[in-house]
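**Student:** Take this structure first; my questions come after.
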Amino acid sequence: MSMPILKKENIVLHARVENKTEAIRLAGQILVNNGYVEDSYIDKMFEREALTSTYMGNFIAIPHGTEDAKQFVKHSGISIIQIPDGVDFGDGNIVKLLIGIAGKNNEHLEILSKIAIVCSEVENVETMIKAATEEEILSILNEVN
């Protein structure tokens, strides 16, 4: 059975996190709780972050698992965490929108590409950071599904 890559339940608005670790764990836990990945995927998200930061600029980070994490992915999916106050991702990089990604097979590349296109428009990012409802974020990222 196919699941939507992004659904309302994958979005957390007005999150308050203490640090990057807590933010990544939350992004992964949403994917676990909604049936996209196994628990072990979260460890692989931390491994990826240790290799290289997933901070992308424009207040966005896109944490995802390492190449060998695919075995823990049940369905492709993304989680969105809005952090209006921001969280430090190191080197002075502040993240206000965290997009956790899990891709089955090589689907993560297509998902990343679509997200990159949407997020290259600063207005889209600002709208998602200020969004009052999950629907506002869904409407901007609807082409990811």
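Positions of Cβ are set from backbone N, Cα and C atoms, glycine also.
So Swiss-Prot lists the following for this protein:
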ACT_SITE  HIS64  active site, tele-phosphohistidine intermediate
DOMAIN    4-144  domain 'PTS EIIA type-2'
MOD_RES   HIS64  phosphohistidine
**Student:** Where DSSP helix means H, G or I and strand means E or B, what are the helix, strand and coil counts for the domain 'PTS EIIA type-2' (4-144)?
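**Tutor:** Counting residues per DSSP class in the domain 'PTS EIIA type-2' (4-144), I get 67 helix, 31 strand, 43 coil.
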**Student:** By a simple count, how many Cβ atoms lie within 10 Å of the Cβ of the residue listed as 'active site, tele-phosphohistidine intermediate', its own Cβ left out?
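**Tutor:** Result for the residue listed as 'active site, tele-phosphohistidine intermediate': 25 neighbouring Cβ atoms inside 10 Å.
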